């Protein structure tokens, strides 16, 4: 929606005249209202998904909310006022909230450990595909006169619900989800489909199913009858903290200004056409960066990649903010180049790597709830961002322009400091090992060098006797 704020047709239909700029602009309070109307309803969708995915499974939840999505699009399409548009954004936000966490948790549970970072990072790349397509469409419709300049992009959203509904219908259910719901046979059938079982590898299916049931029992012993409050108790508090900060850092790292890229570029002196052209390049970085990130996963840990991205973006934001004090065409060109490189680094590192981290760190029993809390915090951070960033960029308000990057350089630095002390390394760890490292309160900086025997004392752990079930060997000078 924020991309429409710089579109002439949208401004003509919904904007008010600005004497300072000599044209219609969307008032900053309505920019905030439109963005936050969907953000607030996304919070509702996140909470609904945490319950629905546990109760009905991933497939049924996705199919139901695809239908809701198709119906909700009618409201913004036929909007005649900013108020009606805000109501439409609110209606669309509920299924958007459901999809945000459902996709990540489903992907993380469907594949083996070695493939987990790739499929969860693919979620981020899909955001990139969508953003690039939308940016391209918005650039094309710049020459479409009248209301169809903004209605056409909204109507094209109807392309997606039906094929995605069909895909979800034929997709296998998460075997982890099925076991937690007590449906062992459904879990077995899912594993057979995922392994393309032909009767010759039934022992592999049964072995995997036994491991899922065993890990689920370990988690159930710690989180029987779990609810949202349990996410803030014991070692689950640390898992929840990681989810919250890793999600929120996706905005606080400096990506917030990318969300208002068109307004940011126009406030820095770019023309309308130039800002929309550059926006396509910025969003295309999601796709390119995602593939590059896949090449990094076998060689570097999640935390290493994540913190490297934060560090690079910090210096890039300093450069962009510094260039904001200049007013030459060369400075504008430099801002555009640095923004593209900064965005590329972001989607190679922070963007896609966040998804395996938030999917791997929660306990299985609380995975949906923990990811929901983290994403809830992310959306709340986005609400604050939607309030202050338009004011930073608007010529009728604070009018910071490119200097707004300096503010986010500060929030980026705080996130990086937290990561150094609190973000553990989960690379190549199955869910069972991650659970035991949290249970034994291993410091984040030592995770990389700690070995775990996750099958020691199985019977005593399931019977809830207080005995250590891990054997750790820490390499102090590695």
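Glycine is no exception: its Cβ is also placed from the backbone N, Cα and C atoms.
Annotation comment: TrEMBL describes 1-427 as domain 'Major facilitator superfamily (MFS) profile'.
What TrEMBL lists as transmembrane segment is 61-79 (among others).
Annotation comment: TrEMBL describes 85-107 (among others) as transmembrane segment.
Residues annotated as transmembrane segment in TrEMBL: 119-142 (among others). Below 8 angstroms of C-beta separation, residues 3-4, 7-9, 103-104, 107-108, 110-111, 148-150, 152-153, 156, 272-273, 276-277, 279-280, 282-287, 289-291, 293-294, 297, 347, 351-356, 359 of the same chain, each at least six residues beyond the ends of the transmembrane segment (119-142), sit close to that stretch.
Among the features that TrEMBL reports, transmembrane segment is placed at 154-171 (among others).
Non-local neighbours of the transmembrane segment (244-266) in the same chain are 2-3, 5-6, 272, 274-276, 278-279, 282, 306, 309-310, 313-314, 316-317, 335-336, 339, 342-343, 346, 350-351, 354, 357-358, 373-375, 377-378, 381-382, 385, 389-390, 393-394, 402, 404-405, 408-409, 411-412, 414-415, 418-419, 422-423; each lies 6+ residues outside the stretch with a CB under 8 Å from one of its CB atoms. Here TrEMBL flags 244-266 (among others) as transmembrane segment.
Positions annotated as transmembrane segment by TrEMBL: 278-297 (among others).
Sequence annotations record features per position, and here TrEMBL assigns transmembrane segment to 309-327 (among others). Residues 249, 253-254, 268-269, 334-335, 338-339, 341-342, 345-346, 348-350, 353, 400-406, 408-409, 412-413, 415-416, 419 of the same chain, all 6+ positions outside the transmembrane segment (309-327), place their C-beta atoms under 8 angstroms from a C-beta of that stretch.
Listed as Cβ neighbours of the transmembrane segment (333-358) (distance under 8 Å, sequence separation of 6 or more from its ends, same chain) are residues 104, 107-108, 116-117, 120-121, 123-125, 127-128, 242-243, 246-247, 249-250, 253-255, 258, 261, 265, 268, 270, 278, 281-282, 285-286, 288-290, 292-293, 296, 302-303, 305-306, 308-310, 312-313, 316-317, 319-320, 323-324, 371, 374, 402, 423, 426. Under the heading transmembrane segment, TrEMBL lists 333-358 (among others).
Sequence-distant contacts of the transmembrane segment (370-388), counting only residues of its own chain at least 6 positions beyond either end whose CB sits under 8 Å from a CB of the stretch, comprise 31-32, 35-36, 39-40, 42-43, 46-47, 49-50, 97, 100-101, 104-105, 228, 231, 236, 239-240, 243-244, 246-248, 250-252, 256, 259, 358-359, 361-363. Per TrEMBL, transmembrane segment is recorded for 370-388 (among others).
TrEMBL lists 400-421 (among others) with the feature transmembrane segment.
Averaged across the domain 'Major facilitator superfamily (MFS) profile' (1-427), the predicted model reaches a pLDDT of 86.
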